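Trainee: Pasting a structure below so you can have a look.
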Amino acid sequence: MSTALIIEQLLNGLQFGVMLFLMAAGLTLIFGVMGLINLAHGSFYMIGAFACAAVAAATGSFWIGLAASLAAAAAAGTLVEVAVIRRLYDRDHLDQVLATFALILIFSEATRWLFGSFPLYLDIPPVLAGAVALPGGAHYQLYRLAIIGIGVLVAVGLYYLISRTRLGMRIRAGESDREMIAALGVDIGTLYTMVFALGAALAGLAGALVGALQSVQVGMGEPVLILAFVVIVIGGIGSIKGALVGAVLVGLTDTLGRFLLPKLFTVFLGPADGATTGAALASMLIYIVMALILAFRPKGLFPATA
Amino acid sequence: MAEPVLSIRDLRKSFGALKATDGVSLDLRPGEIHALIGPNGAGKTTLIHQIAGGITPDSGEIIFLGEDIGALGVAARARRGLGRSFQISSLAPEFSALRNVMLAVQSRQGSSFRFFRPVMRDLSLTEPAMAMLERTGLASRANVPAAELSHGERRQLEIAIALALGPKAFLLDEPMAGMGPEGSRALTGFLDGLRHEAPILLVEHDMDAVFALADRISVLVYGRIIATGTVDEIRGDAEVRRAYLGEQP
Amino acid sequence: EPVKVGMITTLSGGGAGLGVDARDGFMLALKLAGDTEIEVVTEDDAMKPELAVQIADKMIQSDQVDLLTGIIWSNLAMAVVPNAVAQGKFYLSPNAGPSPLAGAKCHENYFNVAYQNDNFHEAMGNYAQNEGIKKMFILAPNYPAGTDSLNGFKRYYKGELVGEVYTKLGQTDYAAEIAQIRASGADSVFFFLPGGMGIAFVKQYAQSGVGIPLMGPGFSFSQDVLGAIGDAAIGAKNSASWSKDLDNEANKTFVEAFQKEYNRLPSVYAAQAYDTANLIVSASKKASVKDADAFRAALKEAQFDSVRGKFKFNTNNHPIQDLYVREVVKEGDVLTNKIVGTAFTDHGDAYAEQCKM
Amino acid sequence: MTLLQVSGLESFYGASQALFGVDFSVGQSEVVALMGRNGMGKTTAINSVLGLIRPRGGGVRFIGRDIAGMQSYRIARLGIGLVPEGRRCFPNLTVRENLVAAARQGPWTLTRINSLFPRLEERQDQYAHSLSGGEQQMLAIGRALMTNPQLLILDEATEGLAPVIRQDIWAAIRRLKADGQSILVVDKTLAELLPVADRCFVLEKGRTVFSGKPDELTPELQDRYLGV
Amino acid sequence: MSRERAINLLLAALLLAMPLAALALGELFYITLATRMAILALAAVGLNFALGLGGLVSFGHAAFFGIGGYVAGILSSHAFNQTPMFSWPFEFFGSDQMPTLWLAAMLISALVALPIGAISLRTAGVYFIMITLAFAQMIYYFAISWPAYGGEDGLSIVVRNSFPGVNTAVPLTFFLVSYVLLLAALALFALVRDSRFGAALQAGRQNETRLAAVGIAPFRIRLAAFTISAAITGLAGALLADLNRFVSPSMLSWQMSGELIVLIILGGTGRLFGPVAGAMLFVLFEFVLGGLTERWQFFLGLILLGVVLFARGGLIGVLAGKARHG
Ligand SMILES: Nc1ncnc2c1ncn2[C@@H]1O[C@H](COP(=O)(O)OP(=O)(O)OP(=O)(O)O)[C@@H](O)[C@H]1O
Ligand SMILES: Nc1ncnc2c1ncn2[C@@H]1O[C@H](COP(=O)(O)OP(=O)(O)OP(=O)(O)O)[C@@H](O)[C@H]1O
Ligand SMILES: [Mg+2]
Ligand SMILES: [Mg+2]
């Protein structure tokens, strides 16, 4: 095992982590800050990817596709908030679970209806193709570096929005007591629609950016949903910093686990059995880490309020 | 003098730089009402929480009925006989007033690991609970869910629950708050009699009630007890007037 | 004699493309055969085994179907097939071929018209062996089909394995594996990653610029996913029992008709389902489905014009067929496969001996 | 001029009626006391004015506009500031954030609040959920003032405050009154309330049963309606 | 008799009438469908102990459902193949007797639930949701990659296990067995809900601080509820395995956990018959829509959405009105 490989894997872990953060960013807003259980987050992610793929194919430009993904996801978000979520604020939290579960079914099938059953083509934009050389013989893809950059930007932007602006304070106030913040003269309804749409747009952005690396297909959002929840919960609900740290932790754990555990078990069990046993453990690893963290820090790494 | 029921020795608790409890020692003797007064944020509720077990002190001892209860959890302390009321009402909102009280009766009677007998048909639960509601004047509201009670009624229910535990000492955090003049008067009379069942550590800002009831008063300021004495001693204490009482008529 | 067919396949969610292709291929065959005797009820299994079982029960008990077909995924087949044949129905597999059903748990009423799961992988292993590739890096998800795949490959490939990696089922980011491939010094990479996993892997592999040649079973370069992978797939070698350019009459008719009817190129799933339908048609002409023994015998004879050219059943009712090596090419602006070699002729499977029938 | 005019107000919790016809009004620069025993409907009446409960009957007019059935944020923006019963500070916001989140332009600024309640300034970066009860009460008052309302509604705003602070609050209310601020107060301590109030309304079982000047509220009436 | 109770009786009668009518009409499949409803309802009743009474939203109950299924599958496969499961300290050949399987399924589900609960109950709210999910995912990935019992391909049960004195291969009999177990679980639920234990459990959901302050430690109450809940869901898993004659890791997946939660909400959270109504409705929708259109999931989504938006408190909520609190 060369040092270059280890460095590269560490970078991969970091990159995967930031990518996870990007995927979780919208959910951080909707779930973490606004306190809405939104299972349809993955649907916004999927909508973003499909919008980007379809528009990029039609126009030949990834960037127009990216803009379309933001617009489409934001529109879907607005629709969902106004038509569904808004009616559920004064209900049991569990009603949100059922409603957004139903939305997953609707969005998935509607997407298949519109775009057909086959995965779509979406590639990274040519300007970001290729790799940059890093010291130590490793090189790293430009596009993935760009994702890291955007992820960090989104993190900083969200942090600023939530913690430093009056808008952020009002959102958080709305999470704990909607009625009271309204009684103080804040139009929390419209505010929540906007923020929900922003969260959806972020999910759509992630869908488009990550979609270029993956398969743009119906159902692509479901694994993302679970991972995004994991990341936010590990970090501590409501904390942007926590979500970022949680994401990187998950990214590193997963990548290094996949890389090292099979090697470790191969030593004891031989190549085939070692590889499968190691891989089995690796696939459970992030959940093991999550369970451990929550067992010792029941409110995540960075509890938003004490 | 009789052994104190509850005895606190040099208790300390900090939140960051803030010393919320800064070396507090205090006794609660049998049959007495010991009032704890002090400015807002002085650390009264924090002290009650530490006695009841919700907050772990940084150091110091809490002796209850001769036993150091510092290591016990909230529930265990309640079962030992520490009954408390909350400054900000804390009830089971969906349960009726009666069922809220029954919960305390059930705990007092022993294990909750009984799976089959319906509680509402269990006279050994409903009767004592109803009696408590009657004592606190809530009998007519027995079947109203706690969430639908008015603020003042919830305050009364807090007291009823604490009573139903049949505790060996009461920790009452602002029981008068939110009660109208009538309610306050009734409660004052009520607590006056209650001290014979168990001594009361009473946190209260209603000075009429405190002066009418207290055998002794301790004044807590910035986490420290600056004075302990009888009603007259405290009333006359210049520092207490300045820090807390203001221009009393 | 009318035959009622129950088709359970995946028509929703991420795997819908395969089910849609299978259904379309099946229906096309019936249409071309002009057979009005065969009635088909179709239902979506949503890729859930429990749901597939429920639908099978319904089709058998309520719709009174005579035979079942359509399932794409091994785990669904494992749930449905033993149940269906135990209730005296026929099951004809247009795709999945899990090893237990080919071996110890084989059944006289279960016919696999597609392949035994290991076949494509064995073909690739044989190809790699014959090509004299020295160092292979092999990769599959960590679940039975994945381990079977790599075992199938290793059954024929005897060169050095510089890496054997099992990924997480449903994984979407392969940066870590690609880094290992880059560092491994392999001459070629064999991978089995079905569905979206494969698309993601090939795209990321191409983006990483590693450049070590890729090979895999036909699933990962099948017509249904090539469009999504794009040019990154060009040049990849893959194995299958069928290819659009196979030179026989039945295939020409099929490919042409499929394109005309559905306005896209058929995939291997469509081809297999097309064959399945034709097999049913051929058998129903010879015997009544109500006469199970006669119908079974008629199926076993497999006298239909397969798009794969020759086709016959092994003792375990699994195919004996040729397996080809294909390469991804671009025709105009459409990506597709063309045959570049034959990996096996008249190949059966490794489990037939375990089948006591 | 009448700022707030409530007439024949009827409100329900689900199917059970809580208000059966409540009337009261608050004039410009007037301090009005709303009184009654526990559970008589004071809070319900206030919440109905602010649209937190949608009244089903009767009228609510504020600065000449019919506000019954309007959304509560619109009502609040017309110039009503509420100190709600039970404080209802935003627990996950710091003291400062609680104050500025909904602030509107006007004479009340953070600096002025901080000088009214020095205790809040000391605790400005602490999350409200860990404040002491009295501190939360101060925060709720400060928060309402920060919206610079034309009409300030105080629902048991002195509950849980130390006597000195309570004296400060009453002093502040008197000062506000002198500045021309209109205030509607619910409070249990009549000794402090009656001297500042210009007019009183007494509720019993969801109906207004008395209205008049504080000195018209004779000891007999006090005993009958308030149990003093 | 309250309206809710009347509706409950009606639901129980409907579920029973369905297979009887099916038998009369010769439509055997509807017996299977009713059996599935009963079994899913049983699983959800299990979850309802934790979720409905205790407010413990376990997003990992598929783990117990699946474990129950696997216990039945594994024990009976050993019995069928006459291969020992283990030979120390004694030779054990599994079992194909339902009572044994049920007991084992409940016991093992409970044993697994105990440590999971003990760790998970340190957390609350959404954290609890996620930590239970984490444990279920661990078990899921384990099952997928563990080759001994089929991994992701699952494990088939060749012949339905037997119950002394009756022929379980007869669909109606098996339905009745499941139905009786469902009724028993419902009866247990009703008893527990109204008992002291239930009072403490429900109080803990509403206000944990209050419960502790009267001297009842929430943790032990909840752990007990979580374990009972897991055992019942495990029992349902064993039954489902026998109905499908098959178990696979998809029974352990998070989607399955989600589905169990959805059943409860659909029927009415916190209602005795909520899970029953939910399961009946869900299976019916799935079945009817699946037969009507290939786009059934879209319409299923629309219907579910309609239920949340317009039927406050789920199906029972709409029919019976606001829940009465004792
Ligand atoms: N978790 C915490 N973190 C930081 N500060 C805290 C915390 N809990 C309490 N405090 C602070 O400790 C001080 C004491 O609070 P406590 O609630 O004990 O006051 P109190 O005497 O009961 O006041 P009041 O009469 O207003 O209820 C307050 O200034 C409060 O803000
Ligand atoms: N959320 C609610 N649901 C149902 N009934 C309620 C609710 N809140 C209050 N009530 C009922 O409405 C009536 C009036 O209550 P309200 O809170 O307005 O009284 P109040 O005069 O403010 O009393 P207090 O002095 O105790 O605060 C009471 O009978 C109370 O039980
Ligand atoms: Mg206090
Ligand atoms: Mg009130």
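Backbone N, Cα and C atoms are what each Cβ position is placed from, and that goes for glycine too.
From TrEMBL, for reference:
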- A:16-37: transmembrane segment (TRANSMEM)
- A:44-64: transmembrane segment (TRANSMEM)
- A:70-89: transmembrane segment (TRANSMEM)
- A:101-122: transmembrane segment (TRANSMEM)
- A:142-162: transmembrane segment (TRANSMEM)
- A:183-213: transmembrane segment (TRANSMEM)
- A:225-252: transmembrane segment (TRANSMEM)
- A:264-296: transmembrane segment (TRANSMEM)
Trainee: Please work out whether the transmembrane segment (A:101-122) lies in contact with the transmembrane segment (A:225-252), by counting C-beta pairs under 8 angstroms that are 6 or more apart in sequence and asking whether there are at least 3.
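Mentor: They are not in contact.
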Trainee: Hey, which bits of the same chain come close to the transmembrane segment (A:183-213), Cβ under 8 Å, at least six residues off its ends?
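Mentor: Same-chain contacts beyond the ends: 19, 22-23, 25-30, 33-34, 36, 38, 41-42, 44-53, 62, 65-66, 69-78, 80-82, 85-86, 89, 122-125, 143-144, 147, 150, 154, 167, 170-171, 173-174, 220-221, 224.
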Trainee: So what's near the transmembrane segment (A:142-162) in sequence-distant terms, Cβ-Cβ under 8 Å and 6+ beyond its ends?
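Mentor: That would be 14-15, 18-19, 21-22, 25, 28-29, 33, 124-125, 128-132, 168, 171-172, 202, 205, 209-210, 212-213, 240-241, 243-244.
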Trainee: When each of A:44-64, A:70-89, A:225-252 is checked against the transmembrane segment (A:16-37) for Cβ pairs under 8 Å, which one has the most?
Mentor: A:225-252
Trainee: Short question: which residues 6 or more past the ends of the transmembrane segment (A:264-296) have a Cβ under 8 Å from it?
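Mentor: Residues 227, 230, 233-234, 249-250, 253-254, 257-258 contact the transmembrane segment (A:264-296) from elsewhere in the chain.
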